[in-house]
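Per Swiss-Prot, active site is recorded for GLU129, CYS163. Residues or ranges marked as NAD(+) binding site by Swiss-Prot: GLY107, SER108, PRO109, ARG110, VAL111, GLY112. The S-geranylgeranyl cysteine annotation in Swiss-Prot covers CYS382, and the record cites similarity to another entry as its basis. Annotated cysteine methyl ester per Swiss-Prot: CYS382, in sequence order.
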Amino acid sequence: MKDEPRSTNLFMKLDSVFIWKEPFGLVLIIAPWNYPLNLTLVLLVGALAAGSCVVLKPSEISQGTEKVLAEVLPQYLDQSCFAVVLGGPQETGQLLEHKLDYIFFTGSPRVGKIVMTAATKHLTPVTLELGGKNPCYVDDNCDPQTVANRVAWFCYFNAGQTCVAPDYVLCSPEMQERLLPALQSTITRFYGDDPQSSPNLGHIINQKQFQRLRALLGCSRVAIGGQSNESDRYIAPTVLVDVQETEPVMQEEIFGPILPIVNVQSVDEAIKFINRQEKPLALYAFSNSSQVVNQMLERTSSGSFGGNEGFTYISLLSVPFGGVGHSGMGRYHGKFTFDTFSHHRTCLLAPSGLEKLKEIHYPPYTDWNQQLLRWGMGSQSCTLL
């Protein structure tokens with residue numbers, strides 16, 4: 001990557017100052033199972049493009065993709081710069097014992113803490129792309145059918161197994177009554193009268209996740225859906241109402257096609273509710289009032305934000321993607337992926353001569369040369385000089 005020149009002050013006009021991007025070295029990528037190709041290969045390409053060598057650990061949960069990656073990648077890539085390691089938590093733990101130059105992990109906050117703890121042993125820098133409970137506020141002035149279309153699409157996409165999917169809706173009881181029939185209409189239009197047979201609705205990744213999600217169906221009251229089929233690992237697109245903050249469905253990231261609705265009376269109450277929780281990976285607000293959307297944006301914190309829209313921003317390579325606080329640290333996508341896997345090294349190349357010009361920097365310092373230094377360095381009052 002070409003170096004990036006940077007501006008200088010008067011005393012450095014003869015110097016060359018630039019940012020040199022160099023590879024970290026050996027990078028460990030621990031990939032997730034929900035989008036096992038995209039969330040593996042995007043990172044692999046970024047790390048290799050930055051010049052690093054990669055140890056790639058695909059998720060053992062998406063077994064088919066794990067096997068394909070292990071078999072196909074060595075056929076097309078130089079094996080001296082990467083390795084694919086198969087296995088489960090034990091193998092991942094063994095990898096984390098080694099001295100690495102960078103770790104990129106995508107997964108749950110619980111495992112993210114394990115990864116970060118292991119990284120501290122060698123002070124290894126990390127990017128953690130974690131999850132969270134993503135709120136979706138719906139204002140009373142919204143058209144319920146428009147909201148239903150957009151929320152149902154990005155809630156049930158990939159059977160809800162998406163880290164930026166809405167985890168719950170916040171709205172007034174009045175909006176809930178208008179929203180429920182609209183959601184039912186949308187679900188039928190998207191997936192038909194028998195969603196289980198729809199080619200447009202995904203199923204749950206494995207039995208463990210299925211059992212976890214089916215247990216959540218017992219929370220609150222099922223207003224839409226609620227059906228399940230263990231042999232098919234099918235959970236119907238579901239909406240829960242009368243949901244309390246203390247219930248299990250509100251205590252963990254759902255990561256499935258279940259949408260709880262929590263009642264609030266105002267945008268202020270919604271914001272207070274959101275700010276009582278950990279910072280989410282994404283936050284959504286629907287309102288015909290730009291003031292309401294801006295309030296939600298300005299008075300909360302999240303990895304990303306969508307006003308009157310879902311997670312379509314993740315398709316853009318021009319903006320970074322990442323969490324904040326409990327939902328992660330670091331960023332990637334597009335050039336940001338390259339930058340994540342690069343050490344940004346500040347470089348200054350000065351002439352070997354011209355010593356007379358440098359003497360102004362040396363002690364003893366008089367009032368005159370201090371004034372000259374301040375003038376030559378500009379108004380950088382927070383620098384050493």
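Residue positions begin at 1 at the first shown residue.
Using the three backbone atoms N, Cα and C, a Cβ is placed for every residue, glycine included.
Secondary structure at GLU129 (active site), taken from DSSP and collapsed to helix, strand or coil, is strand. With respect to their backbone Cα atoms, ARG110 (NAD(+) binding site) and CYS163 (active site) stand 14 Å from each other. In sequence order, LEU130, GLY131, GLY132, GLU278, HIS326, SER327 make up the list of same-chain residues 6 or more apart from PRO109 (NAD(+) binding site) whose Cβ falls under 8 Å from its Cβ. Cβ neighbour count for ARG110 (NAD(+) binding site): 10 (other Cβ atoms within 10 Å of its Cβ, all protein chains included). Reported as a whole number, the C-alpha separation between SER108 (NAD(+) binding site) and GLU129 (active site) equals 8 Å. Between the listed recorded positions, namely VAL111, CYS163, the fewest other CB atoms within 10 angstroms of a CB are found at VAL111. All chains included, 25 other C-beta atoms sit within 10 angstroms of the C-beta of GLU129 (active site). Listed in sequence order, ILE30, PRO32, GLU129, LEU130, GLY131 are the same-chain residues six or more apart from GLY107 (NAD(+) binding site) with CB atoms under 8 A from its CB.
Around GLY112 (NAD(+) binding site), the same-chain residues six or more apart in sequence whose CB sits under 8 Å from its CB are PHE105, LEU128, LEU130, GLY328, listed in sequence order.
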